[in-house]
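Student: Straight out of TrEMBL:
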DOMAIN    A:243-433  domain 'ABC transmembrane type-1'
REGION    A:1-22  region 'Disordered'
TRANSMEM  A:43-66  transmembrane segment
TRANSMEM  A:87-104  transmembrane segment
TRANSMEM  A:110-128  transmembrane segment
TRANSMEM  A:135-154  transmembrane segment
TRANSMEM  A:160-178  transmembrane segment
TRANSMEM  A:214-233  transmembrane segment
TRANSMEM  A:239-266  transmembrane segment
TRANSMEM  A:278-302  transmembrane segment
TRANSMEM  A:314-334  transmembrane segment
TRANSMEM  A:371-399  transmembrane segment
TRANSMEM  A:411-434  transmembrane segment
Amino acid sequence: MAPDHTPAPPLVFTPRPSAPPPPSTVGVMGWLRANLFSSVPNAILTLLGAYILYVFLEAIISWALINAVWDAPNRRACLDAVGRSGACWPGVIAWLPNLIYGLYPKDQVWRIDLGALILVLWALPLFLPRVKSKVAIGLTAVLVYPFLVSYLFLGGEKGWIWMVLVAGSLATFFWVWLTAISEMRTGQGFIPLLVHTLAGPDPVPERARLVRQLAWAALFVTALLIVSRWQLVAVPTRLWGGLFLTMVISGIGITFSLPAGVLLALGRRSSMPLIRGFCVAFIELFRSVPLITILFMFNTMLPLFLPVGVEVDRLLRAIVAVCLFAAAYMAEIVRGGLQAIPKGQYEAAAAMGLGYWQSTTLIILPQALRIMIPAIVGNFIGLFKDTTLVSIIGLFDMLSMARAVGEDTRWLGLFIEPFFFITMIYFVFCFAMSQYSMNLERRLGGGQRR
Amino acid sequence: MTTPAIELVGVSKWYGGFQALKEINLSIAERERVVVCGPSGSGKSTMIRCVNQLERHQRGDIRIHGRAFGGGARDDEAIRRETGMVFQSFNLFPHMTVLENCTFALTWVKQMPEAEAKRIAMSHLERVRIPEQALKYPLQLSGGQQQRVAIARALCMQPRIMLFDEPTSALDPEMIKEVLDVMVELANTGMTMVVVTHEMGFARQVADRVVFMDQGEVVEQAPPEEFFANPRYDRTRMFLSQIL
Ligand SMILES: Nc1ncnc2c1ncn2[C@@H]1O[C@H](COP(=O)(O)OP(=O)(O)O)[C@@H](O)[C@H]1O
Ligand SMILES: [Mg+2]
């Protein structure tokens, strides 16, 4: 028989549509079944866990809310009313200003509130849509805001240098908001908008520069007029305390430690032996000594090394110690992040003609910092809590203030309630930081995962 | 005689005590297309990376369009900018979109206004046939697309010489062709090209010369017809019999 040479027509492949998943694996019931009741031991553990949670929460809620006393002249009255079964909140309420502001004079605490408000306002444009100058605004918040606020908190006589710095800082604050508003409404920064309207759409460079300088001069003079009217009484740092002091120390520590840590980490990877040696020595020294020891050393030994008559503020000593300590830790975190960036990224940047600083700041650090967000924020949270150690050298942070409540004759022995209260405050701040870090990770990670 | 685009004179390079390049002499004319091949570890990458000084050589001279490396960091940077490089592992910047990958060196290194940089970048993305992916991130693209973006990115800097280090080795077979097609087109525009590759079809089609390396030395070099038809050395024959 002759073989048949006509080829069979090709089979046509049609992919079948995807079917929905089995119903027992979706929805609330599916989730419950898969995660809580997947087996008999798992179901028992779930029920046991729920019971323990219930007992625990019930006890806390009935102590802190249901049985609690809210109004009483002293601790005796609380104990007479509910004994130890309920919290005695009036003591905490009476001490609330001190827990938050320390011994800062009562008629001056508005300065702290104002400082905090300015910080919030300064940072707000960073979260607004359509604001383009976010990098510049963020940088000024870190580099310029401190001048304004440190005068606000410290007060006292101001020399003309101080005046100029504070006025410049305030002028920058005006610039931040004018820029934010004009960028949101017109898509153009405030100064470029002024140049555009006053000097025409395509101005000669000299004219544009003149408008720019005049705009800044006007902002500065306005700020100077405002600042020169301020008469703030001096509040020495030994009166600072409470949550305020905690925020000051950890805020400075956090803003200093990140850039310093980045520089130390880069230095540690440098090919120049002197720089590398210094960075390694610094990092290893500060990492191998407890913070408490460093605080002690700075507090008691620093004055011995300084020339007679040079007095360094106690708070400043603590801040310097915290900053250096935090920078050393941050450096190691950053180094870890830098190591995770493949060598090919450096090579590609170099092959395109970028120098060391350009490839580091534009290619390597943005990627490394993104990977490091969880570790960095973890470090920030640790630092925030570590500031409680400054009570050792006689600064009244929130923890020492909480302890002081129970030593007040009216509230003698009232320790649990203030500690419970500041625990809540610490929790709120740390939880917020942690949530923000996750949010940041999600937003920045967009489009980069496979 | 005109100045060669690339000239290596007695170039040697050591990693510690190990000599990776042994007195390489090689001259590549302007508009010439050279394919470099050889067994793994023979020093192909090391040589091509010395050409743009990603690796520093320790002895000999490397001249690009007549200018030698080694006259100070600033000069070296300027000489390096005559070359563009495409890597085996693409090395795109994952935190930037495809378009930003292409524009950012223009705006930061060449200080070009954003609009102009964008225009140039788009024209090169069109050239490698992926303008529609411009706003995606590199990791959202296939390997072949990523490598084409890498080519476009290098071209944006308007180099006179393009260096390729095994540009298709990390790709799935079905993507190799799209990258090679782009490279063939580039070759047809008269760009000076040095390509380390084992794609012998590509070598046959576009190369003016094939260079065979082994153990840090250039063993032999010849136009492709001659190189494939009658290689002179036994080592070359063995290599060809293994890959063809
Ligand atoms: N950074 C390095 N350190 C030490 N040895 C290296 C390094 N890079 C390459 N080598 C060695 O140099 C030789 C040549 O490597 P390479 O140029 O990458 O070869 P090819 O690209 O031809 O496969 C190999 O033996 C390799 O092990
Ligand atoms: Mg190689």
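Quick reminder: no glycine exception, Cβ is built from N, Cα and C everywhere.
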Student: For the transmembrane segment (A:87-104) and the transmembrane segment (A:411-434), check the count of CB pairs under 8 Å (sequence separation 6 or more) and say whether it reaches 3 or more.
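Tutor: Taking Cβ pairs at least 6 residues apart, the transmembrane segment (A:411-434) and the transmembrane segment (A:87-104) are in contact, with 3 or more under 8 Å.
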Student: Quick one: find which recorded stretch in A:43-66, A:214-233, A:371-399 has the most Cβ pairs under 8 Å with the transmembrane segment (A:239-266).
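Tutor: Looking at each of A:43-66, A:214-233, A:371-399 in turn, the most contacts to the transmembrane segment (A:239-266) are made by A:371-399.
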Student: Let me spell it out: take the transmembrane segment (A:314-334), skip the flanking residues so only those 6+ beyond its ends count, and list any with a Cβ under 8 Å from a Cβ in it.
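Tutor: Contacts of the transmembrane segment (A:314-334) (Cβ under 8 Å, skipping residues fewer than 6 from its ends): 237-238, 240, 245, 248-250, 252-254, 256-258, 260-262, 264-265, 268, 279, 282-283, 285-287, 291, 294-295, 297-299, 302, 368-369, 372, 375-376, 379, 383, 386-387, 390, 393-395.
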Student: Report the listed stretch (A:43-66, A:110-128, A:371-399) having the maximum count of Cβ pairs within less than 8 Å of the transmembrane segment (A:160-178).
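Tutor: Selected stretch: A:110-128, with the most Cβ pairs under 8 Å.
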Student: Same chain only, please: residues at least 6 beyond the ends of the transmembrane segment (A:110-128) with a C-beta under 8 Å from a C-beta of the stretch. Say none if there are none.
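Tutor: Counting only partners 6 or more residues beyond its ends, the transmembrane segment (A:110-128) has Cβ contacts under 8 Å with 101, 104, 134, 137-138, 140-141, 145, 148-149, 152-153, 155, 173, 176-177, 179-180, 184, 232, 235, 244.
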Student: Can you name the far-off residues of the same chain, 6+ from the ends of the transmembrane segment (A:278-302), with a Cβ under 8 Å from a Cβ of it?
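Tutor: Here the qualifying positions are 264-265, 267-268, 270, 312, 314, 317-318, 320-322, 324-325, 327-329, 331-332, 386, 389-390, 392-393.
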Student: Across the region 'Disordered' (A:1-22), what are the DSSP residue counts per state (helix, strand, coil)?
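Tutor: Each residue of the region 'Disordered' (A:1-22) counted once, the result is 0 helix, 0 strand, 22 coil.
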